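**Student:** Questions regarding the structure given below will be posed in turn.
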Amino acid sequence: MDPAQELLFYVNGRKVIEKNVDPETMLLPYLRKNLRLTGTKYGCGGGGCGACTVMISRYNPSTKKIRHHPVNACLTPICSLYGTAITTVEGIGSTKTRLHPVQERIAKCHGTQCGFCTPGMVMSMYALLRNHPEPTLDQLTDALSGNLCRCTGYRPIIDACKTFCKNSGCCQSKENGVCCLDQGINGLPEFQEEDKTSPELFSEEEFLPLDPTQELIFPPELMMMAEKQPPKTRVFGGDRMTWIAPVTLKDLVEAKFTYPQAPIVMGNTSVGPEVKFKGVFHPVIISPGRIEELSVVNQACDGITLGAGLSLDQVKDILADVVQKLPEEKTQTYCALLKHLRTLAGFQIRNMSLGGHIVSRHLDSDLNPLLAVGNCTLNLLSKEGKRQIPLNEQFLRKCPSVDLKPQEVLVSVNIPYSKKWEFVSAFRQAQRQQNALAIVNSGMRVLFGERDGIIKELSIFYGGVGPTTISAKDSCQKLIGRPWNEEMLDTACRLVLDEVILPGSAPGGKVEFKRTLIISFLFKFYLEVSQILKEMDPGHCPSLADRHKSALEDWHSRHHWRTLTHQSVDPKQLPQDPIGRPIMHLSGIKHATGEAIYCDDMPAVDQELFLTFVTSSRAHAKILSIDLTDALSLPGVVDIVTAEHLQEANTFNTETFLATDKVHCVGHLICAVIADSEIQAKRAAKLVKIVYQDLKPLILTIEEAIQHKSFYESERKLECGNIDEAFKMVDQILEGEIHIGGQEHFYMETQSMLAVPKGEDGEMDIYVSTQFPKYIQDIVAATLKLPANKVMCHVRRVGGAFGGKAGKTSIMAAISAFAASKHNRAVRCILERGEDMLITGGRHPYLGKYRAGFMNDGRILALDLEHYCNAGSTLDESLWVIEMGLLKMDNAYKFPNLRCRGWACRTNLPSNTALRGFGFPQAGLVTEVCITEVAVKCGLSPEQVRLVNMYKQIDHTPYKQEINAQTLSECWRECMAKSSYSVRKMAVEKFNAENSWKKRGLAMVPLKFPVGLGSAVAMGQAAALVHIYLDGSALVTHGGIEMGQGVHTKMIQVVSRELKMPMLNVHLRGTSTETVPNTNPSGGSVVADLNGLAVKNACQTLLRRLEPIISKNPHGTWKDWAQTAFDQRISLSAVGFFRGYESDMDWEKGEGHAFEYFVYGAACSEVEIDCLTGDHKNIRTDIVMDVGHSINPALDIGQIEGAFIQGMGLYTIEELSYSPQGVLYTRGPSQYKIPAICDIPIELHISFLPPSENSNTLYSSKGLGESGVFLGCSVFFAIRDALSAVRQERGTSGPLKCSSPLTPERIRMACEDKFTKMIPRDGPGSYVPWNIRV
């Protein structure tokens, strides 16, 4: 075998020949750095987010077919691509050539906001259309299951993709012979659209048609190569690794004999993440090419044989075909496998091989438990010959006697047919329904002796409950010969719990939940089999109680649809005036073509260096020594910056950049490694040796902080009325508390910066993905001991921020700039997803304690609240978060006597910071939980108690600001009507009465969101600069950052209206401290408000100057007017300024005019929960919002939808997990689940109230960036409503205590039943838990 062979493949129709390929290189960095195709994005590096999706096409000379499939470029080794054609987002269309219909539709349907995930979405959809030009809606949602988006809420992306379906409106799967559009939820007629005047957000008729004949052809050269090239093993050798690619089975066996320890890699979805995240290294990798024996599909008399090289996606198609053709009794195992293949990972990951999935033997493998119960066998081959081993418990435990020998290759898998009276079922429960590893999964099989219902064989396997897949074989053995009845079930549960033992400190935590799932799945299996037995032999088998049947039904897969009712433009408005019209996002097309440039897409600067951080592995410790010797000796390492190098520049305001003698959290920055490549910098960072000495106390949780009185500054307090007197007057008093977990920002673009020294006068340009350029300028200038006028910060666009790209970003930018200045070379720093999640913190975990005094009619007359937020190891913005929480905690309610106190807790966690909503999503939830508890005590519905306490008409907030709540009442009434609340409430009650194991819940929540900056008046000013050029075009720049919310688009709308200039004539390049100085951070829902008024001011200044010229030539063009102005020496450039809204807040007196205006709204959500697994499905949400006069309804609806889904994630599935030592476990999309397409409500109806009163905001609009987050709690309370129904039916006593998020674990454990009572419980203190609640 001679290394140094050529690697040949095609990218976007162009041939690529790589002579010196490094086998460690993945496709993503190769595309981005070597080929400069930066449309494909880095999102997570682990195949969990889909941002790096590309399409790979392979030609099979045997079948003469080309197979197109999407892959994650971040996990695809470049050496595996010999002879393939790769298509990236740039290859399917661009603004310079022609757009592909997918690109056009996703942009014009408003399916992009920050745009960072868009190329991945486009490529997933494109790959689907190459295989299915008219897909079904099921295929569509399946194709997008591996792609995450944090901005849009997915709905407009689905709308765009639905335009390719055979019939956009219908799901094409007629359940019970009835079209989905004819049958309502709960059997009710569907939502009736009232306002037909609401214009569409996009027009389908204008879209380019999809023409499959216009796609890139598969390169004929690759076909010829595949047909004619002699089969020869390809070998690629790098510095550290050799890649061997055999193309015949004989060569594969030979290679495995020579290198028995080398893994066989096909999809690289198991080995890849191990190498990347666990530091595993393989000097040799064997990657079989297209070997026919590994792709066999043989049907014999006893079952089917599938080649180990088939991808899981191919296996799914093969099994679906077999199930269609064979009788049901033979396909039990195949149906069970298909059920799991539909939800296993994302579409891109399903290109892993069947053999790889089996041999990896992951403890949470979804297929291995089923293959084991199905008595599958594995066909092995080595130089010694063929061998067959059973896929059984010993194989899964890797017992040497029944495992593959090092030199053996798995060739194929035999999956037997099932027999008559044999039944196989599959079960799994994960944090999210799709693209999430199972918490517990199971395969179960039973065989009866003909009609007698006596168990002849029984096999049960579980995944996720041990270090490997586990068999309950002893229990099964003891149950043989027993009849299939409830007595057997009871015995089975006890036997299985005794055999499958899970210690309290088991890795992964959720121990009691896992124990409950073990027997809940068993009960489901019992019911499933009982039902089939009854159908097969009605005479012998007892019939299943109707109320049990709900345990068997999977969620009805009705397809997503939405209605939007927004405001129509005034008929008197000029047609060319864009204000109030649904204008597409300015960068929408560029997002979809991959041409939008983000920070890391900027080309490398000559001699550029890469910086990576070394962070603390201890939460509270003294640094005894730092040894940099090994790291500095690595080739390519230029320098390592420590606190010593920075000296006094290591501190800015109260923030210290790099640790000096102590570390205060895991993730604390200690030093920065600078090298000439990213790979070398990361390798060197691992070689830095730090010796610690742990310090006491270690404070991680809010409770520990309270115990140690570990707070930042004194309490914040807000009080009104006379609370002590009020408590004496009330009918009842209630006390309680709720814990709300934190939330990760999960912006798709990780922290990114590039510092470029200009070479003279110490000048520094810094390109950063940030919300706060001025702060970066200040902090970098201070670090470099320069005046601010020599440091310029530039931001073109940001790939999502949500509050997380200000404080920590600036510190990292300052260190990068210091390194750049020191070496006079550009320095780039891009955090990996895991580093980003560890270092940057997120939303504050919150503890709310309440004591409420109320009358029997639900009126709350006295409310005493304590708010605690887990601030972390530095103050950051935590006090401001607490203050905003206090000012907004009343939400929509008038509490005449109120005392609310708040504390920011100092703990040994990474510092938490701003996140969309800024304290209100937590503070508002505390209030809503209190109201729900009051409702329970009064025997009223929560909605009745909400209404009776709501602000009415003109009123005053607790801090004595006047409020007109008329619009609030309107939103509430409108939401009640549009959601058909009363009718659906009755339907929910009827459903719950008829079903024991599935329950529905319905909840409606009002919203009053104050917009403004409290006492930070200076942060409300904004400036802009508008130039008019002699050709009549305009350039505008302002202080706002474009991070997906469409602020640049709105600014161009403003210029277009004010100057009566077509939008096409107005351009906006980005934000820079060079053009607009002293800019404020972009956040707090006011970016368009403040900057828009500054832009308007600049335009009006220009118009005043040009008015005499325009009035003399009213029919002229802007070109004419500009030339005349130039000739008359009139300036065509103007600065605009807005002082900000007047506001004040006196905390001593507890009063002030803290906010400029209020956004009102209401949301009603309906959910269905599975009481046995804790799963939930969002059936429908109706949102009514008061948006003032919308400047751009498409962007505003996008903000509301995106915020709602982000809020829904906060309150239901997004769960951060920390070890008892303060180590963050959840460092990527594989552990931390944000909502995916499968989580959004099946129906979503959003309507805007008609424009209300005019105000002094920009065109009487309202800022909507944050308010919608809180409405996500309507889903939380709908789940709580369903849980109440469960507990009421079962007579469970005691209050229902719900913490947030309401994860499957919390839902299941709140549904107390005989199974939760049956499981063993560990006493507190008897074990060390795997994770803790902070």
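Every residue, even glycine, has its Cβ placed from backbone N, Cα and C.
Feature annotation from TrEMBL assigns domain '2Fe-2S ferredoxin-type' to 5-92. The [2Fe-2S] cluster 2 binding site annotation in TrEMBL covers C114, C117, C149, C151. What TrEMBL records for I264, V265, M266, G267, N268, T269, S270, V271, D366, L410, R428 is FAD binding site. Summarising the annotation, TrEMBL assigns active site, proton acceptor to E1266.
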**Student:** List the residues in the vicinity of the [2Fe-2S] cluster 2 site, defined as same-chain residues other than C114, C117, C149, C151 with C-beta within 8 angstroms of the site's C-beta centre.
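**Tutor:** Output for this site, in sequence order: T112, Q113, G115, F116, T118, R150, T152, M748, G799, G800, G1044.
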**Student:** The domain '2Fe-2S ferredoxin-type' (5-92): mean pLDDT?
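**Tutor:** Mean pLDDT for the domain '2Fe-2S ferredoxin-type' (5-92): 96.
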**Student:** Just how many other Cβ atoms lie inside 10 Å of the Cβ on C151 ([2Fe-2S] cluster 2 binding site)?
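**Tutor:** Here the count is 28.
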**Student:** Fewest other Cβ atoms within 10 Å: which of the recorded positions C117, C149, E1266 wins that one? Let me know.
**Tutor:** E1266
**Student:** On a C-alpha basis, identify the one among I264, N268, R428, E1266 that is nearest to C149 ([2Fe-2S] cluster 2 binding site); the candidates are the recorded positions.
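**Tutor:** For C149 ([2Fe-2S] cluster 2 binding site), the spatially nearest of the recorded positions is E1266.
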**Student:** Would you mind listing, in sequence order, the residues at least six apart from I264 (FAD binding site) in the same chain with a Cβ closer than 8 Å to its Cβ?
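**Tutor:** Spatial neighbours, sequence-distant, of I264 (FAD binding site): L252, K256, I286, S287, P288, G355, G356, V359, V409.
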**Student:** Using DSSP, how many residues of the domain '2Fe-2S ferredoxin-type' (5-92) fall into helix, strand and coil, respectively?
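**Tutor:** Counting residues by DSSP class gives 19 helix, 31 strand, 38 coil.
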**Student:** Pick out which of the binding-site residues N268, S270 has the most other Cβ atoms within 10 Å of its own Cβ.
**Tutor:** N268
**Student:** Compile a sequence-ordered list of residues in the same chain as D366 (FAD binding site), six or more apart from it, whose Cβ lies below 8 A from its Cβ; state 'none' when nothing qualifies.
**Tutor:** H340, L341, T343, L344, A426, R428, A438, N441, G463
**Student:** Rank the binding-site residues C114, M266 by how many other Cβ atoms lie within 10 Å of each Cβ and give me the one with the fewest.
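**Tutor:** Result for the binding-site residues C114, M266: minimum number of other Cβ atoms within 10 Å at M266.
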**Student:** Please name which of the recorded positions listed here, M266, N268, S270, E1266, is nearest in space to C151 ([2Fe-2S] cluster 2 binding site), Cα against Cα.
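**Tutor:** Given the candidates M266, N268, S270, E1266, the nearest one is E1266.
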**Student:** With the FAD site defined by the record as I264, V265, M266, G267, N268, T269, S270, V271, D366, L410, R428, how many Å span the farthest pair of C-alpha atoms?
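**Tutor:** Looking at I264, V265, M266, G267, N268, T269, S270, V271, D366, L410, R428 as a set, their Cα atoms extend up to 28 Å apart.
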**Student:** Report, as a single number, how many Cβ atoms besides its own are within 10 Å of the Cβ of R428 (FAD binding site).
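**Tutor:** 26, counting other Cβ atoms within 10 Å of R428 (FAD binding site).
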**Student:** What is the nearest of the recorded positions M266, N268, S270, E1266 to C114 ([2Fe-2S] cluster 2 binding site), using the Cα of each?
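**Tutor:** Checking each of M266, N268, S270, E1266 against C114 ([2Fe-2S] cluster 2 binding site), the shortest Cα distance is to E1266.
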